[in-house]
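Chemist: Relevant sequence annotations retrieved from TrEMBL are reproduced here:
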BINDING   LYS156  ATP binding site
COMPBIAS  1-12  compositional bias 'Polar residues'
DOMAIN    127-168  domain 'Protein kinase'
REGION    1-55  region 'Disordered'
Amino acid sequence: MDNSNTSRSWLSKLQPRDKTRSSRKNQASSSSGGGGGEGNQDGITDEEALSNITKQKAAAAKQYIENHYKEQMKNLQDRKERRMVLEKKLADADVSEEDQNNLLKFLEKKETEYMRLQRHKIGVEDFELLTIIGKGAFGEVRICREKTTGQVYAMKKLKKSEMLRRGQ
């Protein structure tokens, strides 16, 4: 039975405290008007404020996840529609079965390539830095060439630590 007491003690540490006990303590400290430091001017305890922050973060995470999956479903629907349009055009154009399959495979390949590019985050390593065309208080502007396509761009590179230090 000794074992059950130790398991009960570590389990009780993980479970939230009884609300009635903590609310009585809060009422006593707020009615006395003095110390404690557990509440603020609005009568909200640190625990409740933390709980509200947690609820806000959970709501934001839920919203982000819902938006992500809505976007995924929209993209899937768009891909299906593009495929159906191509199939319909191919059927109307009297194209051979082999050419139809080749064009559909080409569409799938392009769609896959596009989705892969969407997932890729662009960074400085994706560009070949050519020349500096300007310097400022927080960074510099460079002419650079994208390694994959050869397109030329102007890239502004900022020093975040310097911006934060100066309060910008």
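Numbers run from 1 along the shown chain.
Every residue, even glycine, has its Cβ placed from backbone N, Cα and C.
Note that TrEMBL annotation is computational and uncurated.
Thinking about packing and proximity, how do these listed features fit into the structure?
Modeler: Secondary structure at LYS156 (ATP binding site), taken from DSSP and collapsed to helix, strand or coil, is strand. Taking Cβ-Cβ distances under 8 Å and a sequence separation of 6 or more, the neighbours of LYS156 (ATP binding site) in its chain are GLY139, GLU140, VAL141.
Cβ atoms under 8 Å from those of the domain 'Protein kinase' (127-168) belong to no residue of the same chain, restricted to positions at least 6 beyond its ends.
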Chemist: Helix, strand, coil residue numbers for the domain 'Protein kinase' (127-168) per DSSP?
Modeler: 6 helix, 24 strand, 12 coil
